[in-house]
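Colleague: Look at TrEMBL and you will find B:C79, B:C82, B:H83 tagged as heme c 1 binding site. Among the features that TrEMBL reports, heme c 2 binding site is placed at B:C225, B:C228, B:H229, B:M312. Under the heading domain 'Cytochrome c', TrEMBL lists B:57-185, B:211-337. The annotation region 'Disordered' is assigned in TrEMBL to B:347-367. What TrEMBL records for B:1-26 is signal peptide.
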Protein chains: 2
Amino acid sequence: MNIGPTPQLALVALAFATILIPSVSAQPPIDNSATAGEWQALPVKAESPAANPTTAEKVELGKKLFFDPRLSLTGTVSCNSCHNLMEGGDDGRPSSMGVHGSIGPRNAPTVWNSVFQASQFWDGRSPSLEDQAKGPIVAAPEMGMPAHENAIKRIAAIPGYQTEFRDVFDSENSVTIDNVVKAIAAFERTLVTPNSAFDRFVQGDRSALTDKQIRGMQLFSDIGCTECHSGPAFNGWDVGSTTQTFEEFPRNAESQLVGQYGLDRDLGRFAATNRKSDKHYFKVPTLRNISLTSPYFHNGAVAKLSDAVRVMSETQLDTELSNEEVESIVDFFSALDGEFPSIALPRIPSRPGESVLEDQEPAAVGE
Amino acid sequence: MNIGPTPQLALVALAFATILIPSVSAQPPIDNSATAGEWQALPVKAESPAANPTTAEKVELGKKLFFDPRLSLTGTVSCNSCHNLMEGGDDGRPSSMGVHGSIGPRNAPTVWNSVFQASQFWDGRSPSLEDQAKGPIVAAPEMGMPAHENAIKRIAAIPGYQTEFRDVFDSENSVTIDNVVKAIAAFERTLVTPNSAFDRFVQGDRSALTDKQIRGMQLFSDIGCTECHSGPAFNGWDVGSTTQTFEEFPRNAESQLVGQYGLDRDLGRFAATNRKSDKHYFKVPTLRNISLTSPYFHNGAVAKLSDAVRVMSETQLDTELSNEEVESIVDFFSALDGEFPSIALPRIPSRPGESVLEDQEPAAVGE
């Protein structure tokens, strides 16, 4: 496979980083016709929608709720349980384990940079972070609440939350599911990881990537990965866009790898829309921090990133890569690891001298 | 019940705060014969043992391990799952839920200030924080690892941990179970909550407690609670002591409350020692931050702190308290809520491009 002149690629990438590009002088003129807009740095900050403006107090409340396991039936599963901010924003499991040890049907997507997409969940059935956050609370294999009312009853019984909701939403009785998810979404909008080596590279720091990573970057483009994995989050989404790209996966269902990993058992977006044309269609997932979010794909069946690259090139692009080529792309992916913001552990409010989890059975007999 | 002259009590308390007592002038002479040493402020810092000296790097490593769910079989349960530092250092459940939704036999004790006791677990079967930390990793209803080796294999496979263990313990191949628990214990020694209203009171700030709390404090002493709940952590432990107080619970098994809450079904320390004289004996638990750690007792059967006070006064002290008396003690207990240190969420290291939880089954079918 022709790797091409890497310095030229670097300059093209540099010139067309559409966001945050610093002024860089003393660069030679470049041909930008081929890859205009192809490489984009991640925004360092996400916009908030008019219906849910971000405030510092709302973010702080949302952080408490994000980490509060009492939103789950058993008091053991918080948003952070499956979207662990201490690592890749997922849980490292093929699919998540919720209340009572129940196991969900799909791999937990990362919450990092989830603001940089126009729809949520693997099948894109949710149009916003607010809407998405309502789902897991009442999903039987996740937080397992019978209804949102049960979660609201728990939260509303905690004096500290009552006060904080009133202050943030400027009204009495503001502990509602809509406000709970507004606060969580406001917090999630702060979960961005800019300034990866890749971002520094496209902003002009030629030394930010190794030669091998640059080869991987060009190969990633040359074989067509960027046709779907485009935009600042490598997920087919452009800044400001309200639509999301869905693609068929696997495209080549005859590939031996499809059977090996059971990749064709999930009908994807069809389950959400019931449209035949959506069968096996999935939202294009972000590749940001991909080296931290093993295992891979909707079913989490592929543990190694190198195998995931092989699956994609063979099933989606009919391209068989050499080991060295796979390695260069994996190496490029490590350059997509961003800077994680420092987060102070929240203090989640208590109900002094009283239980929040009143419906939980006491232990009957000691060990 | 005679409440007595509260200003005198306050002065006695002030004079005999044995730790951190600031110099306070212009106080009248006091009679200290009755309660010498009864009231002690919590140390702001815990000593570390010679065998495991605390260093900043070890604490940081221990924090990562404390929050790392990959120490559990399913990758879902960390130390923090049951000893949640975001609230009272417990999980708010009657008894904890571990891997696969399994439920343990006893209420999770708080990890806050656990350094201020000479033995760990309800039955005191563990002599140190280091020894204690080994237990849950391989307890079937907790983290559920078949053996410590399985946990070590996971941790040792993570390059970032390899480096950090080598730096902290200054030797190669230092990812061992002994070093894992040394790091966790070093972190736990930082988990102290000084400067409660009570502490400020015994250090001389007469305004730190309300009159009602002072009445509760004296009542707590008058009826005999302090016979067992003594020392800076209210758990029968003195600073520097290597022994721990165990007491029979319930003492009066005939009390109607014992049957109501099933408090006599656990044989306590007997299970650890097999000595008949240890039947129904338990370690005296700390009362620090007690208002944040509902539900109460070894089986977590009592949800309200006021009911817990009634249980204790009736079953242990043959004393029936009025509602107002119970309230004053509960109010005093709220003065034991300390200052929680600010903790930055750790970044737990990954195994780039590879799974840490290789033994977990992928999801088979999408939803």
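Cβ from N, Cα, C; glycine included.
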Colleague: With Cβ-Cβ distance below 8 Å and at least 6 positions apart along the chain, what are the contacts of B:H229 (heme c 2 binding site)? List them in sequence order.
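Modeller: Counting only residues 6 or more apart in sequence, the Cβ neighbours of B:H229 (heme c 2 binding site) under 8 Å are B:F220, B:N235, B:G236, B:V284, B:L287.
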Colleague: Could you put numbers on the helix, strand and coil content of the domain 'Cytochrome c' (B:57-185), residue by residue per DSSP?
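Modeller: Split by secondary structure, the domain 'Cytochrome c' (B:57-185) comes out as 60 helix, 4 strand, 65 coil.
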Colleague: Just to confirm: which same-chain residues, 6+ apart in sequence, have a Cβ under 8 Å from the Cβ of B:C228 (heme c 2 binding site)?
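Modeller: Listed in sequence order: B:G236, B:T245, B:E247, B:V284, B:Q316.
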Colleague: Check each residue in the chain of B:C225 (heme c 2 binding site) that is at least six apart in sequence and keep those whose C-beta is under 8 Å from its C-beta; list them in sequence order.
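Modeller: Counting only residues 6 or more apart in sequence, the Cβ neighbours of B:C225 (heme c 2 binding site) under 8 Å are B:M312, B:S313, B:L317, B:I329.
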Colleague: As a quick check of your reading of DSSP, tell me how many residues in the domain 'Cytochrome c' (B:211-337) are helical, how many are strand and how many are coil.
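Modeller: When I sort the residues of the domain 'Cytochrome c' (B:211-337) into the three classes, I find 56 helix, 9 strand, 62 coil.
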Colleague: Measure the Cβ-based neighbour count of B:H83 (heme c 1 binding site), defined as the other Cβ atoms within 10 Å of its Cβ.
Modeller: 23
Colleague: Do you know the mean pLDDT across the domain 'Cytochrome c' (B:57-185)?
Modeller: 97
Colleague: Please state how far apart, in Å and to a whole number, the two most distant Cα atoms are among B:C225, B:C228, B:H229, B:M312, the recorded heme c 2-binding residues.
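Modeller: Between the outermost Cα atoms of B:C225, B:C228, B:H229, B:M312, the distance is 11 Å.
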Colleague: Under 8 Å between C-beta atoms and at least six apart in sequence, can you list the same-chain neighbours of B:C82 (heme c 1 binding site), or say none if there are none?
Modeller: B:D90, B:D91, B:S96, B:G98, B:A108, B:P136, B:E142
